[in-house]
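Worksheet: one structure, shown below.
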Amino acid sequence: MGQSVVVLGAQWGDEGKGKIVDLLTEEIGAVVRFQGGHNAGHTLVINGKKTVLHLIPSGILRNGVLCLIGNGVVISPAALRKEIEELEDTGLEIRSRLKISPAAPLIMEYHIALDQAREKAAGGRAIGTTGRGIGPAYEDKVGRRGIRVADLHYPDQLAEKLRDALDYHNFVLTRYFGVDGMDFQRIYDEMLVFAEYVEPMKSDVAGILHDLRKQGKRVLFEGAQGTLLDIDHGTYPYVTSSSTTVGGALSGAGVGVQDIDYVLGIAKAYATRVGGGPFPTELDDEIGQGIRDRGVEYGASTGRPRRCGWMDIVALKRAVAINGITGLCITKLDVLDGMDKLKICIAYEYHDKRSEYAPLDAQGWEECTPVYLEFPGWNESTHGITSWEKLPPAARAYLCALEELAGCPIGIVSTGPDREHTIMLHDPFA
């Protein structure tokens, strides 16, 4: 039987999953995206060249690797086509290696309009979405109004479903938000064009995954966003609209729990968050700005500055428990170079009580005060180091503390953006 590894974010997203997925795809059968949409931004740096992927799995830069988009992903036709064409312009063969589940829902133009209208109307209470229609597309999926890739094969039924969806969404857009509605014929014609484009890539992703496992091939499941943004387990309502946990990998790709051999949780050596929502260890000072500048902490999808703070072990332990994380990968260690001292949040003060567990609601998180352990920093550069022994003693001590406090072994340490800037302590496929 083959080996399957799930790579997912153990914080609020932007942990560096794309680089690690690319790193682990050297000898692999397939990479599958199982949730989210083009709100993800996975940045890869190979031989100094930067590539940002939003929808296509990060394994696409490896020749011969099959890339799958599962039923749990919501697909923007325009974004998919743009990303394919940009990659093909670099000389890569894309469409023959990209397979898309017919059950994947489509992000329609009215989803984007609704997303943006809501954020504008919310004003200061806005969640901070990317405004790309992700949430409304998932709403239609649950409300059984969604249009899926499979529907494109049946023009008459597509027209009927599109009319029904537009009746609903145009009513909301015009009557509730006071913005223009959408034209049926234009959207329908665009969908017919996209139907021809996507048809050769349409395939039974779940079936492919089962066959690969029987053939003894390695499969990597690539998560987007992070555990603390999960629709069920995150800081609701400041969350994404999909399941970002290992449970989402199972349902979003169509495999069983027995098909997963290893869960790799990715976490930065500090913490970041984009948009609104609680963030107990946030550093709204020159220390936080310094981390942002050194770490180039600006969203790959939106360009928005990320909020930066100290490592939060309470939150990390929650992610480890929810996902059954087998091993951790700590990224961006080099961003902490040159800092006199570092802090790790080990507990919260909440209503005059100390707790090592995270509250179950966003308001509770907002009312938490972090309890810190302090560690000495290091002046030496860790950038590009590939050996544990060559790390400064203080950096090793910091990582060992993270490992012990989180109750989960560290298998990989990333010391820079390039594929080679990595310390591999334990290969998840070994």
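Counting starts with 1 at the first residue shown.
Each residue, glycine too, has its Cβ placed from N, Cα and C.
According to its DSSP assignment, Gly16 (GTP binding site) is coil. The 10 Å shell around the Cβ of Gly16 (GTP binding site) contains 19 further Cβ atoms across the protein chains shown. What Swiss-Prot records for 13-19, 41-43, Arg306, 332-334, 414-416 is GTP binding site, and it gives sequence analysis as the kind of evidence.
The Mg(2+) binding site feature in Swiss-Prot is assigned to Asp14, Gly41.
Summarising the annotation, Swiss-Prot assigns IMP binding site to Asp14, Glu15, Gly16, Lys17, Asn39, Ala40, Gly41, His42, Thr130, Arg144, Gln225, Thr240, Arg304. The number of other Cβ atoms within 10 Å of the Cβ belonging to Asn39 (IMP binding site), over all protein chains shown, comes to 27.
Around the Cβ of Asp14 (Mg(2+) binding site), a 10 Å sphere holds 28 further Cβ atoms from the protein chains shown. Sequence annotations record features per position, and here Swiss-Prot assigns active site, proton acceptor to Asp14 based on sequence analysis.
Annotated active site, proton donor per Swiss-Prot: His42, in sequence order, evidence recorded as sequence analysis.
Summarising the annotation, Swiss-Prot assigns substrate binding site to Ala300, Ser301, Thr302, Gly303, Arg304, Pro305, Arg306. For Arg304 (IMP binding site), the same-chain residues that are 6 or more apart in sequence and have a Cβ closer than 8 Å to its Cβ are Val274, Gly275, Tyr298.
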Candidate with sparsest Cβ neighbourhood (10 Å radius) among Thr43, Gln225, Thr302, the listed binding-site residues: Thr302
Arg306 (substrate binding site) CB neighbourhood, other CB atoms within 10 A: 21
Least Cβ-crowded entry, counting other Cβ within 10 Å, from the binding-site residues listed as Thr130, Thr415: Thr130
Integer Cα-Cα distance in angstrom, Thr415 (GTP binding site) to Thr130 (IMP binding site): 29
Cα proximity to Thr302 (substrate binding site), best match among binding-site residues Asp14, Gly16, Lys19, Asn39, Thr43: Asn39
